[in-house]
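Peer 1: Starting off with a structure, shown below.
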Amino acid sequence: MKKYLVGGAVRDSLLNLPITEKDWVITGSSAQEMLSIGYEQVGKDFPVFLHPKSHEEYALARTERKLGSGYTGFICHTEPSITIEEDLYRRDLTINAMAYDMNGNLLDPYNGQKDIQLRLLRHVSNAFYEDPLRVLRVARFAAKLKNIGFTIAIETFEIMTHMIHELKSLSPERVWMETKKALITDNPQVYFQVLKKCGALKILFPELDILFTIPQCTTHHSNLMNLGNQTMTRLSNISCLSNDLAIRYAILCCNLGSEMNPRKQPLKQLTQKKPQISIINNLCNRLKVPNNILKLTKIVFMYYHDLYDVTKLSSEMIMTIFQAFDCWRTPTRIELIIKINQSQLLGSKFHINYLFFQSTLLRTAFNETTQIKANDIINSGFSGINISQELYSRRLHVLKHWKNKFLTHKQ
(Lines of atoms letter the chains of each structure in order from A and count residues from 1; the text may use other names and numbers.)
(Lines give C-alpha, C1' and ligand atoms only; values in the text may rest on other atoms or scores of the structure.)
Protein backbone atom coordinates (compact mmCIF):
# COMPACT_ATOMS: atom_id res chain seq x y z
CA MET A 1 0.00 0.00 0.00
CA LYS A 2 1.25 3.48 -0.94
CA LYS A 3 -0.28 6.82 -0.02
CA TYR A 4 -0.15 10.03 -2.10
CA LEU A 5 -1.31 13.59 -1.48
CA VAL A 6 -3.09 14.72 -4.65
CA GLY A 7 -5.14 17.47 -6.28
CA GLY A 8 -5.66 20.96 -4.95
CA ALA A 9 -3.37 20.60 -1.94
CA VAL A 10 -0.40 19.88 -4.22
CA ARG A 11 -1.32 22.67 -6.63
CA ASP A 12 -1.83 25.24 -3.88
CA SER A 13 1.39 24.30 -2.10
CA LEU A 14 3.33 24.98 -5.31
CA LEU A 15 1.49 28.29 -5.72
CA ASN A 16 2.10 29.24 -2.07
CA LEU A 17 -1.64 29.45 -1.51
CA PRO A 18 -3.43 28.34 1.68
CA ILE A 19 -4.30 24.63 1.68
CA THR A 20 -7.92 24.27 2.74
CA GLU A 21 -8.29 20.51 2.45
CA LYS A 22 -6.25 17.43 1.67
CA ASP A 23 -7.20 14.56 -0.61
CA TRP A 24 -5.30 11.31 -0.75
CA VAL A 25 -4.98 8.42 -3.19
CA ILE A 26 -4.06 4.89 -2.16
CA THR A 27 -2.38 2.44 -4.53
CA GLY A 28 -1.74 -1.25 -3.98
CA SER A 29 -4.76 -1.77 -1.74
CA SER A 30 -8.41 -2.81 -1.84
CA ALA A 31 -11.67 -1.80 -0.21
CA GLN A 32 -11.53 -4.83 2.04
CA GLU A 33 -8.07 -3.93 3.31
CA MET A 34 -9.06 -0.30 3.92
CA LEU A 35 -12.06 -1.37 5.97
CA SER A 36 -10.01 -3.89 7.92
CA ILE A 37 -7.61 -1.18 9.16
CA GLY A 38 -10.37 1.12 10.36
CA TYR A 39 -11.25 3.38 7.43
CA GLU A 40 -14.93 4.22 6.88
CA GLN A 41 -16.25 3.90 3.33
CA VAL A 42 -18.37 6.86 2.16
CA GLY A 43 -18.18 6.77 -1.64
CA LYS A 44 -21.11 5.27 -3.52
CA ASP A 45 -19.86 5.42 -7.10
CA PHE A 46 -16.24 4.59 -6.30
CA PRO A 47 -14.33 3.66 -3.14
CA VAL A 48 -13.65 6.71 -0.96
CA PHE A 49 -12.75 6.29 2.69
CA LEU A 50 -12.46 8.53 5.72
CA HIS A 51 -9.33 8.27 7.84
CA PRO A 52 -10.32 7.05 11.34
CA LYS A 53 -8.54 9.97 13.05
CA SER A 54 -8.07 12.88 10.63
CA HIS A 55 -11.31 12.20 8.70
CA GLU A 56 -9.52 13.25 5.51
CA GLU A 57 -10.66 11.54 2.31
CA TYR A 58 -8.69 8.64 0.91
CA ALA A 59 -9.63 7.19 -2.48
CA LEU A 60 -8.39 4.02 -4.07
CA ALA A 61 -6.52 4.69 -7.29
CA ARG A 62 -8.89 4.24 -10.20
CA THR A 63 -9.37 4.52 -13.92
CA GLU A 64 -12.57 5.61 -15.66
CA ARG A 65 -14.23 4.59 -18.88
CA LYS A 66 -16.98 6.60 -20.57
CA LEU A 67 -20.06 4.60 -21.54
CA GLY A 68 -22.94 7.08 -21.68
CA SER A 69 -23.60 10.79 -22.08
CA GLY A 70 -23.22 13.47 -19.48
CA TYR A 71 -21.05 13.42 -16.39
CA THR A 72 -22.59 10.26 -14.91
CA GLY A 73 -21.94 7.88 -17.78
CA PHE A 74 -18.69 6.50 -16.35
CA ILE A 75 -17.55 3.09 -15.23
CA CYS A 76 -14.88 3.30 -12.52
CA HIS A 77 -12.33 0.54 -12.14
CA THR A 78 -10.22 0.02 -9.01
CA GLU A 79 -7.68 -2.66 -8.30
CA PRO A 80 -4.31 -2.83 -6.51
CA SER A 81 -2.35 -2.84 -9.78
CA ILE A 82 -3.51 0.64 -10.85
CA THR A 83 -0.64 3.12 -10.62
CA ILE A 84 -0.67 6.69 -9.38
CA GLU A 85 0.17 7.83 -12.93
CA GLU A 86 -2.95 6.09 -14.26
CA ASP A 87 -5.07 7.71 -11.56
CA LEU A 88 -3.68 11.18 -12.30
CA TYR A 89 -4.29 10.72 -16.04
CA ARG A 90 -8.08 10.88 -15.58
CA ARG A 91 -7.94 14.32 -13.91
CA ASP A 92 -9.06 17.52 -15.59
CA LEU A 93 -6.09 19.90 -15.61
CA THR A 94 -2.35 19.34 -15.49
CA ILE A 95 -2.05 21.58 -12.43
CA ASN A 96 -4.46 19.22 -10.65
CA ALA A 97 -2.67 16.06 -11.85
CA MET A 98 0.33 16.07 -9.52
CA ALA A 99 1.03 14.16 -6.32
CA TYR A 100 3.39 14.05 -3.37
CA ASP A 101 4.53 10.67 -2.10
CA MET A 102 5.06 10.11 1.61
CA ASN A 103 8.71 11.16 1.30
CA GLY A 104 7.71 14.55 -0.08
CA ASN A 105 8.77 13.79 -3.64
CA LEU A 106 6.70 15.47 -6.35
CA LEU A 107 5.21 13.22 -9.02
CA ASP A 108 4.38 15.25 -12.11
CA PRO A 109 3.83 12.94 -15.09
CA TYR A 110 1.82 15.48 -17.14
CA ASN A 111 3.92 18.65 -16.69
CA GLY A 112 1.67 20.42 -14.22
CA GLN A 113 4.61 22.24 -12.67
CA LYS A 114 5.54 23.68 -16.06
CA ASP A 115 1.98 24.92 -16.57
CA ILE A 116 2.09 26.51 -13.12
CA GLN A 117 5.17 28.43 -14.25
CA LEU A 118 3.43 29.34 -17.51
CA ARG A 119 0.23 30.21 -15.60
CA LEU A 120 -1.83 27.98 -17.92
CA LEU A 121 -4.96 25.95 -17.31
CA ARG A 122 -4.36 23.02 -19.65
CA HIS A 123 -6.25 19.72 -19.94
CA VAL A 124 -4.38 16.51 -19.18
CA SER A 125 -5.66 14.40 -22.08
CA ASN A 126 -8.49 13.99 -24.56
CA ALA A 127 -10.42 12.28 -21.77
CA PHE A 128 -11.29 15.87 -20.84
CA TYR A 129 -14.02 15.63 -23.50
CA GLU A 130 -15.84 12.97 -21.52
CA ASP A 131 -17.07 15.09 -18.60
CA PRO A 132 -19.06 18.28 -19.40
CA LEU A 133 -18.74 19.42 -15.79
CA ARG A 134 -15.13 20.22 -16.61
CA VAL A 135 -16.27 23.21 -18.66
CA LEU A 136 -17.55 24.74 -15.43
CA ARG A 137 -14.53 23.63 -13.44
CA VAL A 138 -12.10 25.28 -15.84
CA ALA A 139 -14.17 28.47 -15.78
CA ARG A 140 -14.10 28.36 -11.98
CA PHE A 141 -10.34 27.87 -11.86
CA ALA A 142 -9.95 30.78 -14.28
CA ALA A 143 -11.86 32.91 -11.75
CA LYS A 144 -10.01 31.48 -8.75
CA LEU A 145 -6.53 31.97 -10.22
CA LYS A 146 -7.11 35.18 -12.19
CA ASN A 147 -5.28 37.29 -9.61
CA ILE A 148 -2.05 35.36 -10.11
CA GLY A 149 -2.16 35.50 -13.88
CA PHE A 150 -3.67 32.19 -14.98
CA THR A 151 -5.38 31.91 -18.36
CA ILE A 152 -6.91 29.00 -20.25
CA ALA A 153 -4.71 27.25 -22.81
CA ILE A 154 -5.96 27.82 -26.36
CA GLU A 155 -6.31 24.11 -27.10
CA THR A 156 -8.22 23.53 -23.87
CA PHE A 157 -10.61 26.36 -24.63
CA GLU A 158 -11.26 24.94 -28.09
CA ILE A 159 -12.23 21.63 -26.52
CA MET A 160 -14.59 23.44 -24.15
CA THR A 161 -16.41 25.05 -27.07
CA HIS A 162 -17.03 21.60 -28.56
CA MET A 163 -18.37 20.19 -25.28
CA ILE A 164 -21.25 22.58 -24.67
CA HIS A 165 -23.85 20.30 -26.32
CA GLU A 166 -23.52 17.96 -23.30
CA LEU A 167 -24.02 20.66 -20.67
CA LYS A 168 -27.77 20.03 -20.51
CA SER A 169 -27.03 16.63 -19.00
CA LEU A 170 -25.61 18.27 -15.87
CA SER A 171 -27.83 18.16 -12.81
CA PRO A 172 -28.91 21.52 -11.32
CA GLU A 173 -27.11 20.60 -8.11
CA ARG A 174 -23.78 20.22 -9.91
CA VAL A 175 -24.23 23.47 -11.83
CA TRP A 176 -25.07 25.34 -8.63
CA MET A 177 -22.17 23.76 -6.73
CA GLU A 178 -19.61 24.96 -9.29
CA THR A 179 -21.31 28.34 -9.60
CA LYS A 180 -21.39 28.80 -5.84
CA LYS A 181 -17.68 28.04 -5.61
CA ALA A 182 -16.98 30.47 -8.45
CA LEU A 183 -19.03 33.23 -6.84
CA ILE A 184 -16.85 33.22 -3.73
CA THR A 185 -13.58 33.60 -5.65
CA ASP A 186 -11.85 36.96 -5.94
CA ASN A 187 -13.01 37.36 -9.55
CA PRO A 188 -16.40 35.66 -9.95
CA GLN A 189 -17.14 37.66 -13.10
CA VAL A 190 -14.41 35.69 -14.90
CA TYR A 191 -16.40 32.47 -14.45
CA PHE A 192 -19.38 33.90 -16.34
CA GLN A 193 -17.17 35.62 -18.92
CA VAL A 194 -15.49 32.30 -19.75
CA LEU A 195 -18.88 30.57 -20.00
CA LYS A 196 -20.08 33.36 -22.29
CA LYS A 197 -17.03 33.13 -24.53
CA CYS A 198 -17.21 29.34 -24.97
CA GLY A 199 -20.98 29.33 -25.57
CA ALA A 200 -21.97 27.69 -22.29
CA LEU A 201 -23.75 30.71 -20.79
CA LYS A 202 -26.65 30.60 -23.26
CA ILE A 203 -27.24 26.95 -22.36
CA LEU A 204 -26.92 27.08 -18.58
CA PHE A 205 -27.79 30.74 -17.86
CA PRO A 206 -29.88 32.04 -20.79
CA GLU A 207 -31.32 34.73 -18.51
CA LEU A 208 -27.82 36.19 -18.15
CA ASP A 209 -26.74 35.55 -21.71
CA ILE A 210 -29.50 37.70 -23.20
CA LEU A 211 -28.24 40.72 -21.22
CA PHE A 212 -25.22 40.90 -23.54
CA THR A 213 -27.61 41.78 -26.38
CA ILE A 214 -29.27 44.69 -24.55
CA PRO A 215 -27.64 48.12 -25.01
CA GLN A 216 -26.87 50.05 -21.87
CA CYS A 217 -29.08 53.11 -21.60
CA THR A 218 -26.82 55.18 -19.36
CA THR A 219 -23.63 57.08 -20.09
CA HIS A 220 -22.21 56.50 -16.60
CA HIS A 221 -20.23 53.50 -17.92
CA SER A 222 -20.26 54.26 -21.64
CA ASN A 223 -17.44 51.81 -22.32
CA LEU A 224 -19.53 48.84 -21.16
CA MET A 225 -21.99 49.05 -24.07
CA ASN A 226 -24.44 46.37 -22.87
CA LEU A 227 -26.14 45.16 -19.71
CA GLY A 228 -24.18 41.92 -19.68
CA ASN A 229 -20.88 43.77 -19.37
CA GLN A 230 -22.44 46.12 -16.84
CA THR A 231 -23.54 43.15 -14.74
CA MET A 232 -20.04 41.67 -14.87
CA THR A 233 -18.52 44.99 -13.79
CA ARG A 234 -20.89 45.32 -10.86
CA LEU A 235 -20.31 41.71 -9.84
CA SER A 236 -16.60 42.50 -9.84
CA ASN A 237 -17.25 45.64 -7.80
CA ILE A 238 -19.36 43.93 -5.14
CA SER A 239 -16.69 41.24 -4.85
CA CYS A 240 -14.22 43.94 -3.82
CA LEU A 241 -16.64 45.04 -1.13
CA SER A 242 -18.11 41.80 0.24
CA ASN A 243 -17.27 38.10 0.43
CA ASP A 244 -20.90 37.19 1.04
CA LEU A 245 -22.24 34.63 -1.43
CA ALA A 246 -25.84 35.84 -1.19
CA ILE A 247 -25.14 39.48 -2.01
CA ARG A 248 -22.81 38.54 -4.87
CA TYR A 249 -25.50 36.32 -6.36
CA ALA A 250 -28.10 39.06 -5.86
CA ILE A 251 -25.97 41.57 -7.78
CA LEU A 252 -25.52 38.99 -10.54
CA CYS A 253 -29.30 38.96 -10.94
CA CYS A 254 -29.83 42.72 -10.73
CA ASN A 255 -30.50 43.21 -14.46
CA LEU A 256 -32.44 40.02 -15.17
CA GLY A 257 -35.54 40.52 -17.28
CA SER A 258 -34.38 43.81 -18.77
CA GLU A 259 -35.42 42.53 -22.20
CA MET A 260 -39.02 42.76 -20.96
CA ASN A 261 -38.66 46.52 -20.54
CA PRO A 262 -37.25 47.63 -23.92
CA ARG A 263 -38.06 51.31 -23.37
CA LYS A 264 -36.11 51.29 -20.08
CA GLN A 265 -39.02 52.86 -18.22
CA PRO A 266 -38.55 53.10 -14.43
CA LEU A 267 -40.39 50.22 -12.78
CA LYS A 268 -41.29 51.37 -9.30
CA GLN A 269 -44.05 49.01 -8.19
CA LEU A 270 -43.95 45.31 -7.46
CA THR A 271 -46.77 44.75 -9.94
CA GLN A 272 -44.62 46.31 -12.67
CA LYS A 273 -41.67 44.12 -11.74
CA LYS A 274 -43.54 40.82 -11.47
CA PRO A 275 -42.37 39.52 -14.87
CA GLN A 276 -38.75 40.13 -13.91
CA ILE A 277 -39.28 38.63 -10.46
CA SER A 278 -40.66 35.52 -12.14
CA ILE A 279 -37.43 35.21 -14.14
CA ILE A 280 -35.43 35.33 -10.92
CA ASN A 281 -37.73 32.73 -9.37
CA ASN A 282 -37.39 30.45 -12.38
CA LEU A 283 -33.60 30.70 -12.43
CA CYS A 284 -33.26 30.07 -8.70
CA ASN A 285 -35.73 27.19 -8.76
CA ARG A 286 -33.97 25.61 -11.71
CA LEU A 287 -30.58 25.79 -9.99
CA LYS A 288 -32.07 24.90 -6.60
CA VAL A 289 -30.62 28.05 -5.06
CA PRO A 290 -31.18 28.17 -1.27
CA ASN A 291 -34.26 30.10 -0.16
CA ASN A 292 -32.31 32.64 1.90
CA ILE A 293 -30.34 33.65 -1.20
CA LEU A 294 -33.50 33.80 -3.32
CA LYS A 295 -35.21 36.01 -0.75
CA LEU A 296 -32.33 38.49 -0.59
CA THR A 297 -31.98 38.46 -4.38
CA LYS A 298 -35.59 39.57 -4.83
CA ILE A 299 -35.24 42.35 -2.27
CA VAL A 300 -32.05 43.62 -3.89
CA PHE A 301 -33.67 43.45 -7.32
CA MET A 302 -36.62 45.54 -6.17
CA TYR A 303 -34.48 48.44 -4.95
CA TYR A 304 -31.17 48.02 -6.76
CA HIS A 305 -31.64 50.79 -9.31
CA ASP A 306 -33.11 53.14 -6.69
CA LEU A 307 -29.82 52.85 -4.82
CA TYR A 308 -27.78 54.23 -7.71
CA ASP A 309 -28.06 57.82 -6.50
CA VAL A 310 -29.54 58.00 -3.02
CA THR A 311 -29.40 61.81 -2.96
CA LYS A 312 -32.37 61.77 -5.32
CA LEU A 313 -34.48 59.48 -3.14
CA SER A 314 -37.37 60.86 -1.14
CA SER A 315 -37.37 60.28 2.59
CA GLU A 316 -40.35 57.97 2.08
CA MET A 317 -38.38 55.80 -0.35
CA ILE A 318 -35.40 55.66 2.00
CA MET A 319 -37.73 54.47 4.76
CA THR A 320 -39.21 51.88 2.39
CA ILE A 321 -35.73 50.55 1.62
CA PHE A 322 -34.82 50.37 5.30
CA GLN A 323 -38.01 48.43 5.94
CA ALA A 324 -37.52 46.07 3.00
CA PHE A 325 -34.04 45.15 4.20
CA ASP A 326 -35.30 44.79 7.79
CA CYS A 327 -32.65 47.21 8.98
CA TRP A 328 -34.19 48.11 12.32
CA ARG A 329 -34.24 44.50 13.46
CA THR A 330 -30.91 43.71 11.76
CA PRO A 331 -28.88 46.94 11.88
CA THR A 332 -25.93 45.42 10.01
CA ARG A 333 -28.12 45.40 6.89
CA ILE A 334 -27.45 49.11 6.45
CA GLU A 335 -23.88 48.22 5.49
CA LEU A 336 -25.28 45.81 2.91
CA ILE A 337 -27.36 48.61 1.41
CA ILE A 338 -24.28 50.83 1.29
CA LYS A 339 -22.30 48.13 -0.52
CA ILE A 340 -25.08 47.77 -3.09
CA ASN A 341 -24.89 51.51 -3.67
CA GLN A 342 -21.09 51.46 -3.93
CA SER A 343 -21.09 48.52 -6.35
CA GLN A 344 -22.89 50.74 -8.86
CA LEU A 345 -20.71 53.80 -8.35
CA LEU A 346 -17.23 52.25 -8.47
CA GLY A 347 -15.70 52.98 -11.85
CA SER A 348 -18.49 55.37 -12.84
CA LYS A 349 -18.27 59.05 -13.74
CA PHE A 350 -18.76 60.03 -10.10
CA HIS A 351 -15.77 61.15 -8.07
CA ILE A 352 -14.77 58.90 -5.17
CA ASN A 353 -15.78 61.66 -2.75
CA TYR A 354 -19.35 61.39 -4.02
CA LEU A 355 -19.30 57.67 -3.28
CA PHE A 356 -18.37 58.39 0.34
CA PHE A 357 -20.95 61.17 0.45
CA GLN A 358 -23.72 58.74 -0.45
CA SER A 359 -22.44 56.19 2.06
CA THR A 360 -22.46 58.82 4.78
CA LEU A 361 -25.98 59.87 3.84
CA LEU A 362 -27.34 56.33 4.11
CA ARG A 363 -25.49 55.42 7.29
CA THR A 364 -26.31 58.64 9.13
CA ALA A 365 -29.91 58.64 7.93
CA PHE A 366 -30.38 55.20 9.39
CA ASN A 367 -28.73 56.17 12.66
CA GLU A 368 -31.08 59.15 12.94
CA THR A 369 -34.14 56.92 12.60
CA THR A 370 -32.87 54.50 15.25
CA GLN A 371 -33.09 57.28 17.83
CA ILE A 372 -36.86 56.73 17.82
CA LYS A 373 -37.62 53.58 19.85
CA ALA A 374 -40.77 51.52 20.06
CA ASN A 375 -40.74 51.96 23.83
CA ASP A 376 -40.99 55.72 23.33
CA ILE A 377 -44.21 55.17 21.40
CA ILE A 378 -45.64 52.80 23.97
CA ASN A 379 -44.80 55.20 26.80
CA SER A 380 -46.68 57.89 24.89
CA GLY A 381 -49.86 55.83 25.23
CA PHE A 382 -50.04 54.12 21.83
CA SER A 383 -51.05 50.47 21.57
CA GLY A 384 -51.67 47.74 18.99
CA ILE A 385 -51.23 48.61 15.33
CA ASN A 386 -51.00 52.29 16.26
CA ILE A 387 -47.53 51.64 17.68
CA SER A 388 -45.99 50.71 14.35
CA GLN A 389 -47.83 53.50 12.54
CA GLU A 390 -46.65 56.13 14.99
CA LEU A 391 -43.13 54.68 15.00
CA TYR A 392 -42.99 54.98 11.23
CA SER A 393 -44.42 58.50 11.32
CA ARG A 394 -41.90 59.77 13.87
CA ARG A 395 -38.96 58.14 12.13
CA LEU A 396 -40.04 59.64 8.83
CA HIS A 397 -40.37 63.08 10.42
CA VAL A 398 -36.88 62.84 11.93
CA LEU A 399 -35.44 61.61 8.64
CA LYS A 400 -37.00 64.42 6.61
CA HIS A 401 -35.75 67.06 9.02
CA TRP A 402 -32.22 65.63 9.12
CA LYS A 403 -32.01 64.99 5.36
CA ASN A 404 -32.95 68.57 4.50
CA LYS A 405 -30.25 69.90 6.81
CA PHE A 406 -27.68 67.38 5.57
CA LEU A 407 -28.17 68.10 1.88
CA THR A 408 -28.35 71.86 2.44
CA HIS A 409 -25.10 71.78 4.42
CA LYS A 410 -23.31 69.77 1.70
CA GLN A 411 -24.31 72.09 -1.13
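Backbone N, Cα and C atoms are what each Cβ position is placed from, and that goes for glycine too.
So Swiss-Prot lists these for the protein:
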type    : residues                           : note
BINDING : Gly8, Arg11, Arg91, Arg137, Arg140 : ATP binding site
BINDING : Gly8, Arg11, Arg91, Arg137, Arg140 : CTP binding site
BINDING : Glu21, Asp23                       : Mg(2+) binding site
DOMAIN  : 227-328                            : domain 'HD'
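Map these features onto the structure and tell me what's around them.
Peer 2: Take the CB of Arg137 (ATP binding site) and look out to 10 A: across all protein chains shown you find 17 other CB atoms.
Asp23 (Mg(2+) binding site) falls within a strand when secondary structure is assigned with DSSP. Within 10 Å of the C-beta of Asp23 (Mg(2+) binding site) there are 17 other C-beta atoms, taking all protein chains into account.
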Peer 1: Of Gly8, Arg11, Arg91, Arg137, Arg140, which binding-site residues are close to Glu21 (Mg(2+) binding site), meaning a Cα within 10 Å of its Cα?
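Peer 2: Candidates kept after distance check: Gly8.
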Peer 1: When the Cα of Asp23 (Mg(2+) binding site) is compared with the Cα of each of the binding-site residues Gly8, Arg11, Arg91, Arg137, Arg140, which one is closest?
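Peer 2: That would be Gly8, nearest by Cα distance.
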Peer 1: Tell me, by DSSP, whether Arg91 (ATP binding site) is helix, strand or coil?
Peer 2: coil
Peer 1: With DSSP as the yardstick, break the domain 'HD' (227-328) down into helix, strand and coil residue counts.
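Peer 2: Once the DSSP states are binned, the domain 'HD' (227-328) shows 74 helix, 0 strand, 28 coil.
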